[in-house]
Amino acid sequence: MATSDHLARMRVEYGSAEKDGSVDLDADWLDIGWVALLNQWMTEAHDAGVAEPNAMVVATIDGEGRPVTRTVLCKSVDESGISFYTNYDSDKGAQLAARPYASATFPWYLLGRQVHVRGRVTKVSAEETADYWSKRPRGSQLGAWASQQSRPIASRAALMQQLADVTARFADVDEVPVPPHWGGYLIAAEVVEFWQGRENRVHNRIRVRDGAVERLQP
C-alpha cells in the first residue's frame with residue numbers, strides 16, 4: 001500500500017512547541033504516584049483547552065477475537081483503576097462479559113501526551129452506580145432508559161419516540177431510577193503507561209507495572 005502524500009504532509013514534529021513542555025518525562029515524575037500524575041495531566045489538558053480531557057478510547061475483544069474500540073468518559077481514577085458507565089446490554093457489555101479485559105487510552109494530541117491503562121474489568125458496586133446515576137442530568141437518565149444501545153433501529157424518529165415514551169413514563173417521578181441494564185465498569189490498573197512525544201520520534205515512555213516504574217524504548 002502506497003503512502004498518500006496528503007497524509008504524509010500531516011506529520012507533526014513533537015517536542016518543539018511550547019505546549020509540548022520543555023522538560024522530559026522521567027521516572028521520577030511517578031514519585032507522586034500514577035493516579036496523581038494522571039489527574040495532573042488531565043487537569044493540564046483541560047487548562048490547555050482540550051475538550052473532554054477525561055475522554056478515553058476503550059478497546060475490547062469481540063466474539064471473533066477482533067478488537068473493538070470506542071470513546072467513553074472516565075468517571076473516576078484511584079489506585080484500583082479507572083471507571084466508566086454504560087449499558088450492560090450493549091456490544092461492549094457483551095464483550096466484557098465474555099472477555100473481562102480492556103485497555104483505555106487518553107489521547108491529548110494538543111499536548112503531545114497519552115496515557116494507557118489496561119487490565120481486568122469488573123462491574124462497580126450497585127451503590128457506586130447509584131451514586132453516579134444521581135448526579136447525571138435528568139435528560140441523560142431518560143436517554144439511558146430509552147436507548148437499547150447497539151441495537152438497530154429504523155430511524156431517528158423512532159429513537160426519539162422511544163425517548164418520548166420514556167419521558168412520559170417517568171413524568172410524575174421525581175427521581176428516575178437506575179435501569180437494571182446500566183452501570184459502571186472498573187478497568188484495573190494492572191499496567192499504566194505515560195507517553196510524551198519528543199523530537200525525531202524519540203518519545204518518552206514510562207510504564208508502571210506491578211509497582212515497578214521503568215522507561216521503555218519508543
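Every residue, even glycine, has its Cβ placed from backbone N, Cα and C.
Annotation source Swiss-Prot lists substrate binding site at R11, V12, E13, Y14, K75, Y132, R136, S140, R201, V202, H203. Marked as FMN binding site by Swiss-Prot: R70, T71, V72, L73, C74, K75, Y85, T86, K92, Q114, Q149, S150, W195, R205.
Feature annotations (Swiss-Prot) mapped to structure.
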| residue | record | Cβ contacts under 8 Å, 6 or more apart |
| --- | --- | --- |
| R11 | substrate binding site | none |
| E13 | substrate binding site | E199 |
| R70 | FMN binding site | V57, V58, K92 |
| V72 | FMN binding site | A55, M56, V58, F84, T86 |
| Y85 | FMN binding site | K75, T129, Y132, W182, G183, G184, Y185 |
| R136 | substrate binding site | A144 |
| Q149 | FMN binding site | T86, N87, D89, S90, D91 |
| W195 | FMN binding site | R113, Q114, V115, H116, H203, N204, R205 |
| R201 | substrate binding site | Y14, P218 |
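Spanning the listed substrate site, residues R11, V12, E13, Y14, K75, Y132, R136, S140, R201, V202, H203 have a farthest Cα to Cα distance of 43 Å.
Set side by side, the binding-site residues K75, K92, H203 differ in how many other CB atoms lie within 10 angstroms of their CB, and the most is found at K92. The local packing around C74 (FMN binding site), expressed as other Cβ atoms within 10 Å of its Cβ over all shown chains, amounts to 20.
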